[in-house]
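Undergrad: This is the structure, below, for whatever I ask next.
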Amino acid sequence: MGVTVLPDLGTEILIPVCAIIGIGFSIFQWMLVSKVKLTSGSAASNNSGGSGKNGHGDYLIEEEEGINDHNTVLKCAEIQNAISEGLDDVIANLQQIQALLMVLESLLLTSCFLGEWLAMKYTSSFWKGHILDCATSFLFTEYQYVGIFMIAFAILIFVFLGSVKGFSTKSQPCTYEPLKFCKPALATAAFSTIAFVLGAVTSVISGFLGMKIATYANARTTLEARKGVGKAFITAFRSGAVMGFLLAANGLLVLYIAINLFKLYYGDDWEGLFEAITGYGLGGSSMALFGRVGGGIYTKAADVGADLVGKVEMNIPEDDPRNPAVIADNVGDNVGDIAGMGSDLFRLICRVLFSVGIIVCLLTTLFATDFFEIKAVNEIEPALKNQLIISTVLMTIGIAIVSWVALPSSFTIFNFGTQKVVKNWQLFLCVAVGLWAGLIIGFVTEYYTSNAYSPVQDVADSCRTGAATNVIFGLALGYKSVIIPIFAIAVSIFVSFSFAAIDNAGGIAEMAGMSHRIRERTDALDAAGNTTAAIGKGFAIGSAALVSLALFGAFVSRASISTVDVLTPKVFIGLIVGAMLPYWFSAMTMKSVGSAALKMVEEVRRQFKTIPGLLEGTAKPDYATCVKISTDASIKEMIPPGALVMLTPLIVGIFFGVETLSGVLAGALVSGVQVAISASNTGGAWDNAKKYIEAGVSEHAMSLGPKGSDPHKAAVIGDTIGDPLKDTSGPSLNILIKLMAVESLVFAPFFATHGGLLFKIL
């Protein structure tokens, strides 16, 4: 399948210009965030007068309540510096992977984490000794394995694709223009291998930048919360903008440079060029899978163990330093939430639309930080919702302009060997319908996961009768939340198919010397961050469905499959097996978290029983043992799920052929999307139901609390069950369906030439 459209000079200029604008804007936002200083002197001077933005004065809450302590600022600086220094060493050794999706959520969550830990009156040596050690023990070991995988898979790509034409260096007839000669298959093998490595390296750089920005900004967000929720929101949002724009622009620029360098060899052989560049997406996505699964197992094993023993059995606060599992939990939050999220940057995207998206997001960001003011806690979620609406409207206008300026009035698409003439306005509708489907998915996700609406409140109310009814209500909520998103995706696919065949695009506190009111503000940001996370996961899942469908169409075309008939036995058996894969994958990751959590619970219980003075706070826990449990479990358990995803297309393609593989991809796509939405929304609802009870902002919520009550304990149990669903299995499934699709696309020529060995023998 191909399009007879060549990029013009204006398009070639637009892409790097937008990327540079994105990088420049991120630097500007960085400068604004950097004005928040982590020194007591600057804090004092900053608080000296004037009324601040968003209706809040610059005085600190502690000053208002007569308990101001500038040592708090120094503690923030100590913690942030220790974390930052530790991550420098970690990432330098580890090759950390990218973090683009849900960057705002990551910033909000990590700022809340830092606020909690200001309660610890520990020294810098504590942080350097524990955080650096546990992060290094996990990440360095993990990426030793991943590094071996990268080398082995790069060799596999070259050998398999090079063997398609017997490692011939002769030019070959082009697929869509047989009278024209394209570059040899060996060249495609070599350039695909280079693109694969480049995608992985880009992922590494993105991970480094993302982690540095997050650890730099979380302390500043917490300190700004002392002045008001508006200032904390702006700092968090600007920090998220730094991360988002820098990583997006960096990825776009690298992809642009790679394509233009490849073009020096390929010339006007666009078919070979874009076949080779698919390796870029495979490299980034494969790294993201291991990071998501490994990081998810690490943090959720510690999280479940810390919550069940600490909060339910021992009745101590969340992130209390007396809990032996708390260090592993919070380091895992940085590793899992920031480092493992989002391979979406590394997929085959329409570069022009992505460029326009940078400009649209720039304008949308200004609405949140400069045009509108956040004056109260209850304005945070509406502000984030407005971001979705504004960006969707502006992007629709941008798509219309691109369709009119960058595309001819009509052009030809090759679909399953036949030609279809498509108008530019038809392609605009295809992209726009995917964009608005994403908005619908976002709204539905918010409705089912925000504690401002009845579904989550009903889940919280079910905690009155214990954990069992909480689990039942939560599962029902997750299943029900699938309905509207699936209809939205189905409509967008139908419209795209009707207008442009399959060539569619998806748009898709308890603090040291600090007031409890600051904790309330960081909790508000945390709750908003949970909802933002759920919405981001909804976008990622919907996007994964549409992108995987486009990749599926490309695979079918590249593998020279004329039709995909589900009544054919080869296809149907693949369909059934593919539909089973998300369940198999989820079972692996869920059991991995459960097994590690079991060991963690036993260890935490042992320490509370055998270490005198631990519960009273006069003795320190053995953090290292808990860290080792999470580290060993994540390293051991990330390999089977990763192998399942990476080996399935190879085994099916080699032994059963491209027809069966097409069925596997279709089945995994259909069931994977629904399992992912259900898992993410169920876990998000349980999490926010717990926070709804803890916040006690309504009469209904107060009747269920306070912390430590039976309904609250039931809610904590539901939250711990949902943790691996929303942070390990669910988010990993969107990577699964995309990674299998892009891997099949990369190896399609090999499967078409040498695949189906069993059927050939039989």
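Every residue, even glycine, has its Cβ placed from backbone N, Cα and C.
Not my notes, these are from TrEMBL:
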type	residues	note
TRANSMEM	13-33	transmembrane segment
TRANSMEM	99-120	transmembrane segment
TRANSMEM	145-164	transmembrane segment
TRANSMEM	185-209	transmembrane segment
TRANSMEM	241-262	transmembrane segment
TRANSMEM	348-368	transmembrane segment
TRANSMEM	388-407	transmembrane segment
TRANSMEM	427-448	transmembrane segment
TRANSMEM	482-502	transmembrane segment
TRANSMEM	539-561	transmembrane segment
TRANSMEM	638-658	transmembrane segment
TRANSMEM	735-759	transmembrane segment
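So that I understand the layout, could you describe where these features sit and how close they are to other parts?
TA: Beyond the transmembrane segment (13-33), the same-chain residues lying 6 or more positions past its ends with a Cβ under 8 Å from any Cβ of the stretch are 213, 216-217, 220, 235, 238-239, 241-246, 248-250, 252-253, 256, 351-352, 355-356, 358-359, 362, 365.
Residues 7, 11, 14-15, 17-19, 21-22, 25, 29, 234, 237-238, 241, 244-245, 248-249, 252, 255-256, 259, 274, 277-278, 281, 383-384, 386-387, 390-391, 394-395, 398-399, 401-402, 406, 431, 505, 507, 547, 550-551, 742 of the same chain, all 6+ positions outside the transmembrane segment (348-368), place their C-beta atoms under 8 angstroms from a C-beta of that stretch.
Within its own chain, the transmembrane segment (482-502) is flanked in space by residues 1, 413, 415-416, 420, 422, 426-427, 429-430, 433-434, 437, 440-441, 444-445, 538, 541-542, 545-546, 549-550, 552-553, 556, 673-674, 677-678, 681, which lie at least six positions past its ends and keep a Cβ under 8 Å from the stretch.
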Undergrad: State, in range form, which of 241-262, 427-448, 539-561, 638-658, 735-759 has the highest count of Cβ pairs under 8 Å to the transmembrane segment (145-164).
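TA: The stretch with the most close Cβ contacts to the transmembrane segment (145-164) is 735-759.
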